[in-house]
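Below: the structure, in structure tokens.
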Amino acid sequence: MGENAKEIDCPFTPSSSSDYDWCSLDTEFQGRWRYCTGQDPPKCSFPFFFKQKIFHHCTKEGYIFNRSWCSLTKNYNRDRKWKQCSPQNF
């Protein structure tokens, strides 16, 4: 984490499946979460490749909670970096 980044206390164990750590806001993950840094959230990378398709916007495909997400790199299949999109992005 950069020296200008500010840690934010996460109530439950953070996950590092994205470029930025995030944590659940519920004891058992219910889809509510937040980033654990004070930095701006990472930006989506469009277009991105997922499975056999190219996406030009956020998608719900492949997300078990039926919420929209995007890749943080051009090739999700290779890099596995993602973030959940805000509601207005889908």
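Every residue gets a Cβ built from N, Cα and C, even glycine.
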Which one is it, CYS10, CYS23, CYS85, that TrEMBL ties to CYS58 with a disulfide? CYS85
Of the candidates CYS10, CYS70, the one TrEMBL records in a disulfide with CYS44 is CYS70
DSSP says what for the domain 'Fibronectin type-II' (39-87): how many helix, strand, coil residues? 5 helix, 14 strand, 30 coil
Site of maximum Cβ density within 10 Å, from disulfide-bonded residues CYS44, CYS70, CYS85: CYS70
